[in-house]
DNA sequence: TGCGCGTTTGG
DNA sequence: CAAACGCGC
(Lines of atoms letter the chains of each structure in order from A and count residues from 1; the text may use other names and numbers.)
(Lines give C-alpha, C1' and ligand atoms only; values in the text may rest on other atoms or scores of the structure.)
Protein backbone atom coordinates (compact mmCIF):
# COMPACT_ATOMS: atom_id res chain seq x y z
CA UNK A 1 0.00 0.00 0.00
CA UNK A 2 1.37 3.42 -0.97
CA UNK A 3 1.29 6.54 1.18
CA UNK A 4 -1.80 8.69 1.06
CA UNK A 5 -1.29 11.57 -1.43
CA UNK A 6 -0.94 15.25 -0.60
CA UNK A 7 -2.98 17.97 -2.23
CA UNK A 8 -0.82 20.88 -3.44
CA UNK A 9 -3.11 23.89 -3.49
CA UNK A 10 -1.53 26.30 -5.98
CA UNK A 11 -2.65 29.94 -5.93
CA UNK A 12 -0.15 32.75 -6.64
CA UNK A 13 2.81 30.40 -6.92
CA UNK A 14 2.42 29.00 -10.44
CA UNK A 15 6.01 27.84 -10.89
CA UNK A 16 8.22 24.82 -10.17
CA UNK A 17 11.57 26.40 -9.21
CA UNK A 18 12.34 28.23 -5.97
CA UNK A 19 9.16 26.86 -4.47
CA UNK A 20 9.44 26.08 -0.72
CA UNK A 21 6.04 24.38 -0.56
CA UNK A 22 6.82 22.11 -3.50
CA UNK A 23 10.23 21.25 -2.03
CA UNK A 24 8.62 20.39 1.31
CA UNK A 25 5.95 18.30 -0.42
CA UNK A 26 8.52 16.31 -2.37
CA UNK A 27 10.45 15.65 0.84
CA UNK A 28 7.46 13.75 2.26
CA UNK A 29 7.78 11.17 -0.51
CA UNK A 30 3.99 11.13 -0.89
CA UNK A 31 2.16 11.14 -4.24
CA UNK A 32 1.22 14.71 -5.13
CA UNK A 33 -2.04 16.07 -6.53
CA UNK A 34 -1.64 19.64 -7.83
CA UNK A 35 -4.87 21.62 -7.61
CA UNK A 36 -6.04 25.09 -8.61
CA UNK A 37 -9.32 26.40 -7.18
CA UNK A 38 -11.46 29.11 -8.69
CA UNK A 39 -12.97 30.19 -5.38
CA UNK A 40 -15.00 33.34 -4.60
CA UNK A 41 -11.88 35.21 -3.42
CA UNK A 42 -10.23 34.53 -6.78
CA UNK A 43 -13.40 35.25 -8.75
CA UNK A 44 -13.44 38.72 -7.17
CA UNK A 45 -10.27 40.01 -8.88
CA UNK A 46 -10.38 42.50 -11.73
CA UNK A 47 -11.23 41.61 -15.32
CA UNK A 48 -7.72 41.88 -16.79
CA UNK A 49 -6.06 40.10 -13.86
CA UNK A 50 -8.58 37.27 -14.04
CA UNK A 51 -7.99 36.87 -17.76
CA UNK A 52 -4.21 36.92 -17.24
CA UNK A 53 -4.51 34.43 -14.37
CA UNK A 54 -6.31 32.09 -16.74
CA UNK A 55 -3.34 32.24 -19.12
CA UNK A 56 -1.00 31.45 -16.25
CA UNK A 57 -3.09 28.50 -15.07
CA UNK A 58 -3.16 27.11 -18.62
CA UNK A 59 0.61 27.44 -18.93
CA UNK A 60 1.22 25.83 -15.56
CA UNK A 61 -1.17 22.96 -16.30
CA UNK A 62 0.64 22.29 -19.59
CA UNK A 63 3.95 22.34 -17.74
CA UNK A 64 2.72 19.74 -15.25
CA UNK A 65 1.27 17.61 -18.02
CA UNK A 66 4.63 17.72 -19.75
CA UNK A 67 6.05 16.05 -16.64
CA UNK A 68 3.33 13.41 -16.65
CA UNK A 69 1.43 15.09 -13.83
CA UNK A 70 -1.73 17.23 -13.95
CA UNK A 71 -3.35 20.35 -12.54
CA UNK A 72 -6.80 19.52 -11.15
CA UNK A 73 -9.25 22.42 -11.50
CA UNK A 74 -12.24 22.91 -9.22
CA UNK A 75 -14.67 25.77 -8.81
CA UNK A 76 -16.26 26.77 -5.51
CA UNK A 77 -15.37 27.84 -1.98
CA UNK A 78 -11.98 26.55 -0.84
CA UNK A 79 -12.97 24.69 2.36
CA UNK A 80 -15.70 22.70 0.61
CA UNK A 81 -13.64 22.05 -2.52
CA UNK A 82 -10.65 20.83 -0.52
CA UNK A 83 -12.78 18.69 1.80
CA UNK A 84 -14.36 17.07 -1.23
CA UNK A 85 -10.99 16.44 -2.87
CA UNK A 86 -9.67 14.85 0.33
CA UNK A 87 -12.72 12.59 0.51
CA UNK A 88 -12.35 11.60 -3.15
CA UNK A 89 -8.61 10.91 -3.07
CA UNK A 90 -7.95 9.82 0.50
CA UNK A 91 -5.34 12.57 0.71
CA UNK A 92 -3.44 13.13 3.96
CA UNK A 93 -3.90 16.86 3.75
CA UNK A 94 -3.06 20.07 1.93
CA UNK A 95 -0.02 22.30 1.45
CA UNK A 96 0.02 25.83 0.02
CA UNK A 97 2.13 28.98 -0.28
CA UNK A 98 1.00 31.86 1.90
CA UNK A 99 -0.95 34.88 0.70
CA UNK A 100 -1.07 38.10 2.71
CA UNK A 101 -4.15 40.12 1.74
CA UNK A 102 -7.01 40.22 4.26
CA UNK A 103 -9.45 38.11 2.21
CA UNK A 104 -6.88 35.37 1.57
CA UNK A 105 -5.74 35.35 5.19
CA UNK A 106 -9.33 34.88 6.38
CA UNK A 107 -9.91 32.09 3.86
CA UNK A 108 -6.64 30.30 4.62
CA UNK A 109 -7.16 30.56 8.38
CA UNK A 110 -10.54 28.86 8.01
CA UNK A 111 -9.06 26.15 5.79
CA UNK A 112 -6.23 25.47 8.23
CA UNK A 113 -8.64 25.21 11.16
CA UNK A 114 -10.89 22.83 9.24
CA UNK A 115 -8.00 20.55 8.24
CA UNK A 116 -6.43 20.51 11.70
CA UNK A 117 -9.75 19.64 13.32
CA UNK A 118 -9.94 16.68 10.95
CA UNK A 119 -6.40 15.65 11.85
CA UNK A 120 -5.13 16.42 8.36
CA UNK A 121 -1.84 17.87 7.18
CA UNK A 122 -2.26 21.65 6.81
CA UNK A 123 0.99 23.39 5.96
CA UNK A 124 1.53 26.88 4.65
CA UNK A 125 4.90 27.89 3.25
CA UNK A 126 6.66 31.13 2.24
CA UNK A 127 7.82 32.04 -1.26
CA UNK A 128 5.71 35.02 -2.39
CA UNK A 129 7.90 37.58 -0.60
CA UNK A 130 11.57 38.11 0.19
CA UNK A 131 10.76 38.08 3.90
CA UNK A 132 7.64 37.23 5.86
CA UNK A 133 5.93 40.45 7.01
CA UNK A 134 6.38 39.55 10.69
CA UNK A 135 10.09 38.82 10.29
CA UNK A 136 11.10 42.42 9.62
CA UNK A 137 10.83 44.49 12.80
CA UNK A 138 11.99 47.87 14.03
CA UNK A 139 14.31 48.18 17.03
CA UNK A 140 11.21 48.59 19.22
CA UNK A 141 9.74 45.40 17.80
CA UNK A 142 6.91 46.76 15.59
CA UNK A 143 6.37 46.96 11.85
CA UNK A 144 8.09 49.62 9.74
CA UNK A 145 6.09 52.59 8.44
CA UNK A 146 8.90 54.23 6.42
CA UNK A 147 10.67 52.62 3.50
CA UNK A 148 14.32 53.52 4.04
CA UNK A 149 14.72 51.85 7.45
CA UNK A 150 12.63 48.89 6.22
CA UNK A 151 14.97 48.51 3.27
CA UNK A 152 18.07 48.68 5.49
CA UNK A 153 16.62 45.92 7.65
CA UNK A 154 15.52 43.79 4.69
CA UNK A 155 18.82 43.91 2.87
CA UNK A 156 20.68 42.65 5.93
CA UNK A 157 18.56 39.53 6.06
CA UNK A 158 19.44 36.21 4.50
CA UNK A 159 17.05 35.74 1.60
CA UNK A 160 15.82 32.20 0.97
CA UNK A 161 18.21 30.20 -1.23
CA UNK A 162 17.30 29.05 -4.72
CA UNK A 163 15.58 25.68 -4.98
CA UNK A 164 15.69 23.34 -7.99
CA UNK A 165 12.64 22.69 -10.15
CA UNK A 166 11.67 19.01 -9.92
CA UNK A 167 11.93 16.98 -13.11
CA UNK A 168 8.90 14.95 -12.15
CA UNK A 169 6.31 14.66 -9.40
CA UNK A 170 5.25 11.41 -7.66
CA UNK A 171 1.92 10.47 -9.20
CA UNK A 172 -1.23 9.35 -7.39
CA UNK A 173 -2.73 5.94 -8.23
CA UNK A 174 -5.70 7.71 -9.77
CA UNK A 175 -6.65 11.29 -10.57
CA UNK A 176 -9.76 13.08 -9.35
CA UNK A 177 -11.90 14.67 -12.06
CA UNK A 178 -11.06 18.19 -13.15
CA UNK A 179 -13.06 21.09 -14.55
CA UNK A 180 -12.07 22.30 -18.02
CA UNK A 181 -10.36 25.69 -17.92
CA UNK A 182 -12.26 26.87 -21.02
CA UNK A 183 -15.52 26.39 -19.12
CA UNK A 184 -14.39 28.90 -16.51
CA UNK A 185 -14.41 31.71 -19.08
CA UNK A 186 -11.65 33.57 -17.30
CA UNK A 187 -11.74 36.36 -19.88
CA UNK A 188 -15.49 36.89 -19.81
CA UNK A 189 -15.33 40.14 -17.82
CA UNK A 190 -12.83 41.75 -20.20
CA UNK A 191 -14.86 44.49 -21.78
CA UNK A 192 -12.09 45.04 -24.25
CA UNK A 193 -10.51 42.92 -26.88
CA UNK A 194 -8.19 40.49 -25.17
CA UNK A 195 -6.58 39.89 -28.57
CA UNK A 196 -5.04 43.38 -28.39
CA UNK A 197 -3.62 42.69 -24.95
CA UNK A 198 -2.34 39.17 -25.56
CA UNK A 199 0.92 39.94 -27.45
CA UNK A 200 2.02 42.16 -24.56
CA UNK A 201 1.91 39.34 -22.01
CA UNK A 202 4.86 37.08 -21.14
CA UNK A 203 3.07 34.15 -19.55
CA UNK A 204 4.51 31.45 -17.32
CA UNK A 205 7.70 30.45 -15.55
CA UNK A 206 9.84 29.91 -18.65
CA UNK A 207 8.88 33.33 -20.05
CA UNK A 208 9.56 34.93 -16.68
CA UNK A 209 13.04 33.44 -16.43
CA UNK A 210 13.82 34.52 -20.00
CA UNK A 211 12.60 37.99 -19.15
CA UNK A 212 14.82 38.13 -16.06
CA UNK A 213 17.92 37.06 -17.98
CA UNK A 214 17.22 39.50 -20.81
CA UNK A 215 16.73 42.33 -18.34
CA UNK A 216 19.93 41.58 -16.45
CA UNK A 217 21.97 41.27 -19.64
CA UNK A 218 20.54 44.14 -21.66
CA UNK A 219 19.00 46.69 -19.29
CA UNK A 220 20.33 46.48 -15.77
CA UNK A 221 23.46 48.54 -16.37
CA UNK A 222 21.38 51.53 -17.50
CA UNK A 223 18.40 50.89 -15.23
CA UNK A 224 19.00 53.70 -12.76
CA UNK A 225 19.11 56.49 -15.36
CA UNK A 226 16.68 55.04 -17.93
CA UNK A 227 13.86 53.64 -15.77
CA UNK A 228 11.93 56.92 -15.64
CA UNK A 229 11.60 57.35 -19.40
CA UNK A 230 8.42 55.55 -20.44
CA UNK A 231 9.34 55.36 -24.14
CA UNK A 232 12.53 53.47 -23.28
CA UNK A 233 12.44 49.71 -22.69
CA UNK A 234 14.45 50.00 -19.49
CA UNK A 235 12.39 48.21 -16.85
CA UNK A 236 12.17 44.48 -16.11
CA UNK A 237 8.38 44.11 -16.57
CA UNK A 238 8.61 41.32 -14.00
CA UNK A 239 5.72 42.71 -11.94
CA UNK A 240 3.41 40.79 -14.27
CA UNK A 241 5.11 37.47 -13.47
CA UNK A 242 5.54 38.20 -9.77
CA UNK A 243 1.79 38.76 -9.48
CA UNK A 244 1.07 35.13 -10.35
CA UNK A 245 4.15 33.65 -8.73
CA UNK A 246 5.59 32.63 -12.09
CA UNK A 247 8.94 33.68 -10.67
CA UNK A 248 10.10 33.91 -7.06
CA UNK A 249 11.28 37.29 -5.79
CA UNK A 250 14.15 35.42 -4.14
CA UNK A 251 15.41 34.35 -7.58
CA UNK A 252 15.32 37.94 -8.83
CA UNK A 253 17.06 39.03 -5.64
CA UNK A 254 19.93 36.58 -5.92
CA UNK A 255 20.39 37.18 -9.64
CA UNK A 256 20.57 40.96 -9.18
CA UNK A 257 22.83 40.59 -6.12
CA UNK A 258 25.19 38.55 -8.23
CA UNK A 259 25.34 41.38 -10.78
CA UNK A 260 25.86 43.93 -8.04
CA UNK A 261 28.80 41.92 -6.71
CA UNK A 262 30.16 41.93 -10.27
CA UNK A 263 30.00 45.74 -10.24
CA UNK A 264 26.82 46.32 -12.29
CA UNK A 265 25.80 49.89 -11.51
CA UNK A 266 22.02 49.58 -11.91
CA UNK A 267 21.68 46.59 -9.58
CA UNK A 268 21.35 48.53 -6.33
CA UNK A 269 18.49 50.64 -7.63
CA UNK A 270 16.72 47.62 -9.07
CA UNK A 271 17.07 45.67 -5.80
CA UNK A 272 15.59 48.59 -3.93
CA UNK A 273 12.60 48.64 -6.29
CA UNK A 274 12.11 44.93 -5.60
CA UNK A 275 12.25 45.88 -1.94
CA UNK A 276 9.29 48.26 -2.44
CA UNK A 277 7.11 45.28 -3.35
CA UNK A 278 7.93 43.57 -0.07
CA UNK A 279 7.38 46.86 1.79
CA UNK A 280 3.88 47.21 0.31
CA UNK A 281 2.96 43.70 1.48
CA UNK A 282 4.60 44.38 4.85
CA UNK A 283 2.37 47.45 5.24
CA UNK A 284 -0.87 45.86 4.12
CA UNK A 285 -0.27 42.80 6.30
CA UNK A 286 0.19 44.93 9.42
CA UNK A 287 -2.28 47.66 8.42
CA UNK A 288 -5.00 46.11 6.23
CA UNK A 289 -6.99 49.37 6.26
CA UNK A 290 -4.35 50.77 3.89
CA UNK A 291 -6.35 49.32 1.00
CA UNK A 292 -9.58 51.13 1.91
CA UNK A 293 -8.98 54.07 4.29
CA UNK A 294 -6.82 57.20 4.24
CA UNK A 295 -3.68 56.29 6.15
CA UNK A 296 -3.27 59.91 7.28
CA UNK A 297 -6.43 61.15 8.93
CA UNK A 298 -5.86 64.76 7.88
CA UNK A 299 -7.15 63.68 4.46
CA UNK A 300 -10.49 62.46 5.85
CA UNK A 301 -11.77 66.06 5.68
CA UNK A 302 -10.62 66.60 2.09
CA UNK A 303 -13.60 67.06 -0.27
CA UNK A 304 -12.70 64.19 -2.54
CA UNK A 305 -14.94 63.96 -5.57
CA UNK A 306 -16.43 60.55 -6.18
CA UNK A 307 -17.00 59.11 -9.62
CA UNK A 308 -17.87 61.69 -12.27
CA UNK A 309 -17.91 62.46 -15.98
CA UNK A 310 -14.35 63.77 -15.53
CA UNK A 311 -13.25 60.48 -13.99
CA UNK A 312 -14.84 58.66 -16.91
CA UNK A 313 -12.81 60.79 -19.34
CA UNK A 314 -9.72 59.85 -17.33
CA UNK A 315 -10.57 56.14 -17.56
CA UNK A 316 -11.02 56.40 -21.32
CA UNK A 317 -7.80 58.33 -21.94
CA UNK A 318 -9.66 61.43 -23.09
CA UNK A 319 -8.62 64.09 -20.58
CA UNK A 320 -6.86 66.21 -23.22
CA UNK A 321 -3.66 65.95 -21.18
CA UNK A 322 -1.36 63.94 -23.47
CA UNK A 323 0.90 62.30 -20.89
CA UNK A 324 -2.13 61.22 -18.84
CA UNK A 325 -4.05 59.95 -21.86
CA UNK A 326 -1.04 58.06 -23.20
CA UNK A 327 -0.70 56.37 -19.82
CA UNK A 328 -4.36 55.34 -19.65
CA UNK A 329 -4.32 54.08 -23.22
CA UNK A 330 -1.10 52.16 -22.60
CA UNK A 331 -2.93 50.31 -19.84
CA UNK A 332 -5.86 49.58 -22.11
CA UNK A 333 -3.71 48.26 -24.94
CA UNK A 334 -1.01 46.38 -23.01
CA UNK A 335 -2.52 45.60 -19.59
CA UNK A 336 0.30 47.46 -17.90
CA UNK A 337 1.55 51.02 -17.45
CA UNK A 338 5.02 52.44 -17.01
CA UNK A 339 5.78 53.35 -13.41
CA UNK A 340 6.41 57.03 -14.18
CA UNK A 341 3.15 57.17 -16.12
CA UNK A 342 1.28 55.61 -13.17
CA UNK A 343 2.42 58.46 -10.95
CA UNK A 344 1.36 61.10 -13.49
CA UNK A 345 -2.02 59.51 -14.23
CA UNK A 346 -2.74 59.00 -10.54
CA UNK A 347 -1.64 62.50 -9.60
CA UNK A 348 -3.83 64.04 -12.29
CA UNK A 349 -6.91 62.11 -11.11
CA UNK A 350 -6.42 62.77 -7.41
CA UNK A 351 -5.14 66.35 -7.61
CA UNK A 352 -6.25 68.11 -10.79
CA UNK A 353 -9.57 66.27 -10.86
CA UNK A 354 -9.69 66.03 -7.03
CA UNK A 355 -11.03 62.52 -7.35
CA UNK A 356 -10.94 60.02 -4.50
CA UNK A 357 -7.91 57.74 -4.92
CA UNK A 358 -10.20 54.73 -4.45
CA UNK A 359 -11.90 55.55 -7.77
CA UNK A 360 -8.54 55.31 -9.54
CA UNK A 361 -7.50 52.24 -7.58
CA UNK A 362 -10.67 50.43 -8.66
CA UNK A 363 -10.00 51.16 -12.34
CA UNK A 364 -6.39 49.99 -12.11
CA UNK A 365 -7.67 46.83 -10.39
CA UNK A 366 -9.92 46.18 -13.36
CA UNK A 367 -7.37 46.95 -16.10
CA UNK A 368 -3.92 45.85 -14.94
CA UNK A 369 -2.64 42.38 -15.76
CA UNK A 370 0.04 42.92 -13.09
CA UNK A 371 -2.54 43.99 -10.50
CA UNK A 372 -1.07 43.85 -7.01
CA UNK A 373 -3.39 45.03 -4.22
CA UNK A 374 -0.58 45.97 -1.84
CA UNK A 375 1.61 47.94 -4.26
CA UNK A 376 -1.43 49.72 -5.66
CA UNK A 377 -2.89 50.68 -2.29
CA UNK A 378 0.48 52.02 -1.20
CA UNK A 379 1.15 53.74 -4.52
CA UNK A 380 -2.24 55.43 -4.84
CA UNK A 381 -2.12 56.72 -1.29
CA UNK A 382 1.44 57.92 -1.83
CA UNK A 383 0.39 59.98 -4.85
CA UNK A 384 -2.79 61.23 -3.20
CA UNK A 385 -0.71 62.43 -0.24
CA UNK A 386 -2.75 60.39 2.22
CA UNK A 387 -0.37 57.44 2.55
CA UNK A 388 2.55 56.37 4.70
CA UNK A 389 5.83 58.01 3.75
CA UNK A 390 3.75 60.00 1.26
CA UNK A 391 4.50 62.95 -0.96
CA UNK A 392 3.57 66.18 0.88
CA UNK A 393 0.20 67.64 -0.12
CA UNK A 394 1.77 70.43 -2.17
CA UNK A 395 3.82 68.11 -4.38
CA UNK A 396 1.51 67.94 -7.37
CA UNK A 397 2.89 66.53 -10.60
CA UNK A 398 2.52 68.79 -13.60
CA UNK A 399 1.91 66.38 -16.50
CA UNK A 400 3.25 68.89 -19.06
CA UNK A 401 6.48 69.50 -17.14
CA UNK A 402 6.84 65.77 -16.52
CA UNK A 403 6.33 65.11 -20.23
CA UNK A 404 9.06 67.60 -21.18
CA UNK A 405 11.38 65.96 -18.69
CA UNK A 406 10.68 62.28 -19.22
CA UNK A 407 9.22 62.15 -22.72
CA UNK A 408 11.12 64.99 -24.41
CA UNK A 409 10.57 63.78 -27.97
CA UNK A 410 6.94 62.80 -27.37
CA UNK A 411 7.69 59.23 -28.42
CA UNK A 412 5.62 57.77 -25.58
CA UNK A 413 2.71 60.17 -26.13
CA UNK A 414 2.64 59.47 -29.86
CA UNK A 415 2.97 55.75 -29.31
CA UNK A 416 -0.41 55.61 -27.60
CA UNK A 417 -2.31 58.65 -28.89
CA UNK A 418 -3.20 58.27 -32.56
CA UNK A 419 -4.67 61.78 -32.79
CA UNK A 420 -1.19 63.26 -32.35
CA UNK A 421 0.29 61.74 -35.54
CA UNK A 422 -0.47 61.83 -39.23
CA UNK A 423 0.63 58.17 -39.46
CA UNK A 424 0.03 56.72 -36.01
CA UNK A 425 1.98 53.69 -34.77
CA UNK A 426 0.22 50.33 -34.38
CA UNK A 427 -0.09 50.61 -30.59
CA UNK A 428 -1.93 53.91 -30.90
CA UNK A 429 -4.39 52.49 -33.41
CA UNK A 430 -4.95 49.31 -31.44
CA UNK A 431 -6.41 51.42 -28.63
CA UNK A 432 -9.51 51.87 -30.78
CA UNK A 433 -9.81 48.09 -31.17
CA UNK A 434 -9.25 47.60 -27.46
CA UNK A 435 -11.90 49.89 -26.01
CA UNK A 436 -15.52 48.74 -25.62
CA UNK A 437 -17.75 49.39 -28.63
CA UNK A 438 -20.13 51.27 -26.36
CA UNK A 439 -17.57 54.02 -25.91
CA UNK A 440 -17.87 54.81 -29.62
CA UNK A 441 -14.34 56.22 -29.80
CA UNK A 442 -13.04 56.67 -33.35
CA UNK A 443 -9.48 57.36 -34.51
CA UNK A 444 -10.49 60.25 -36.74
CA UNK A 445 -12.02 62.25 -33.89
CA UNK A 446 -10.19 65.41 -32.84
CA UNK A 447 -7.99 65.13 -29.76
CA UNK A 448 -10.01 66.58 -26.84
CA UNK A 449 -9.43 69.93 -25.18
CA UNK A 450 -8.01 69.71 -21.63
CA UNK A 451 -10.60 69.09 -18.92
CA UNK A 452 -9.02 71.77 -16.78
CA UNK A 453 -6.07 74.17 -17.08
CA UNK A 454 -3.11 72.69 -15.21
CA UNK A 455 -2.38 75.72 -13.02
CA UNK A 456 -6.08 76.07 -12.17
CA UNK A 457 -6.42 72.40 -11.24
CA UNK A 458 -3.33 72.55 -9.07
CA UNK A 459 -4.54 75.65 -7.23
CA UNK A 460 -8.00 74.17 -6.73
CA UNK A 461 -6.50 71.10 -5.03
CA UNK A 462 -4.19 73.18 -2.83
CA UNK A 463 -7.08 75.47 -1.79
CA UNK A 464 -9.31 72.48 -1.04
CA UNK A 465 -6.64 70.97 1.17
CA UNK A 466 -6.17 74.24 3.07
CA UNK A 467 -9.95 74.64 3.52
CA UNK A 468 -10.69 71.02 4.43
CA UNK A 469 -12.75 70.34 7.51
CA UNK A 470 -10.64 69.30 10.48
C1' DT B 1 8.86 61.91 -7.44
C1' DG B 2 6.54 70.39 -7.26
C1' DC B 3 6.76 75.14 -7.40
C1' DG B 4 7.85 79.91 -6.77
C1' DC B 5 10.65 82.81 -4.75
C1' DG B 6 15.05 84.93 -3.28
C1' DT B 7 20.06 84.24 -3.24
C1' DT B 8 24.39 82.77 -5.15
C1' DT B 9 27.43 81.92 -8.83
C1' DG B 10 30.18 82.53 -12.81
C1' DG B 11 30.89 84.65 -17.06
C1' DC C 1 22.17 88.78 -15.80
C1' DA C 2 20.92 83.85 -16.82
C1' DA C 3 21.24 79.64 -14.60
C1' DA C 4 22.03 76.99 -10.53
C1' DC C 5 21.01 76.54 -5.81
C1' DG C 6 18.38 76.66 -1.31
C1' DC C 7 14.43 77.21 1.17
C1' DG C 8 9.48 76.94 2.80
C1' DC C 9 4.78 75.75 1.81
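Quick reminder: no glycine exception, Cβ is built from N, Cα and C everywhere.
The annotation FAD binding site is assigned in TrEMBL to A:223, A:235, A:236, A:237, A:238, A:239, A:270, A:370, A:371, A:372. The local packing around residue A:238 (FAD binding site), expressed as other Cβ atoms within 10 Å of its Cβ over all shown chains, amounts to 23.
Taken from TrEMBL, the feature domain 'Photolyase/cryptochrome alpha/beta' applies to A:4-130.
The site 'Electron transfer via tryptophanyl radical' annotation in TrEMBL covers A:304 (among others). For residue A:304 (site 'Electron transfer via tryptophanyl radical'), other Cβ atoms within 10 Å of its Cβ number 19.
Note: residue A:357 (site 'Electron transfer via tryptophanyl radical') has non-local neighbours A:304, A:346, A:349, A:350, A:380, A:381, A:383, A:384, A:386, i.e. same-chain residues 6+ apart with C-beta under 8 A of its own C-beta. Annotated site 'Electron transfer via tryptophanyl radical' per TrEMBL: A:357 (among others), in sequence order.
Residues or ranges marked as site 'Electron transfer via tryptophanyl radical' in TrEMBL: A:380 (among others).
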Residues of the domain 'Photolyase/cryptochrome alpha/beta' (A:4-130) by DSSP state, where helix covers H, G and I: 60 helix, 26 strand, 41 coil
